[in-house]
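Beneath this line is the structure, given in structure tokens, with notes to follow.
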Amino acid sequence: MGSSNTGAKEEAASDGDDSNGDPSASDPGNFSEGEKVLAFHGPRIYEAKILKVEFRKKEWRYYVHYLGWSKNWDEWVVVDRLMKFTDDNIRKQQDLEKKLSADKSFKSGRSAQIKPKGSTDAKVDKEDLRNYVARGKKRKSDSGVEEKDTESMERLVKIQIPSTLKKQLVDDWEFVTQLGKLVKLPRSPCVDDILKKYLDYKSKKDGMVADSIGEILKGLRCYFDKALPVMLLYKKERQQYHEAVADNVSPSTLYGAEHLLRLFVKLPELLVYANIEEETLMRLQQKLLEFLKFMQKNQSTFFLSTYDCSKGFEGSSGEQD
């Protein structure tokens, strides 16, 4: 299931109750508890059932369960995300699905004709990375099952990056590629520090940390260290990388939030090659969104407001070519 088309999922438990004194709060809204509806989630429309109805922040909100999907995907949505379960709306759902499938087929055809960029070494590195994340995956190309599974994965792996972090990515691109500035290394907090801070945050918030959170954070660190030299660096940053990262040094101890955020742009295409069950992948997607919210909440602390004009490695001198 794709990410929400309204951005991050609503966290109604933290919202204040604004129903006092508002006459519209007495109106049950357009939909009722127990009603079967059609709900937007990402670019697609799914069948859903309304489990709860509440009036919060001066609008009606509906807690929905997507039929046929794990309850981990249950969420609060606003009325704009819902449609009545009617024949006309079912046809709209089917038409939209056909359009999305056609668009995907067109893009796949175009991408197959585009010659990959980069040097031969870069191509080999990328293939190594794909093999790394696809360990143990069975080949079933003769029966067509492999291709179908991959297509399903591409549809499912959608990581919705919050708008303020998207702007951060744009600023990051401009600093490096347009202004020739680099992130000064080592960064503080580094990626390892940020992952540990999130673990501490979840522990305090939830009283305990599920084993799955720890595994996800270990996975993020592993992906980051493997992906950084292959697909997370701009050309102007490569000299800095070779100067800063020795054989026994993990990039996650030197680089910070700026490069970690770039990983989330690349994660969807990496996870396509991972042997992850569909339901597990959906839960992972939600956990990654929660981590991005944490980065957004601490944006002013984790991210640099400006980059360095030098080579960007402590102890180095001279200008970046």
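Backbone N, Cα and C atoms are what each Cβ position is placed from, and that goes for glycine too.
Feature annotations, reproduced from TrEMBL:
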type   : residues : note
REGION : 1-33     : region 'Disordered'
DOMAIN : 31-97    : domain 'MSL3 chromodomain-like'
DOMAIN : 137-307  : domain 'MRG'
With DSSP as the yardstick, break the domain 'MSL3 chromodomain-like' (31-97) down into helix, strand and coil residue counts.
17 helix, 34 strand, 16 coil
Can you work out the mean pLDDT of the predicted model over the domain 'MRG' (137-307)?
84
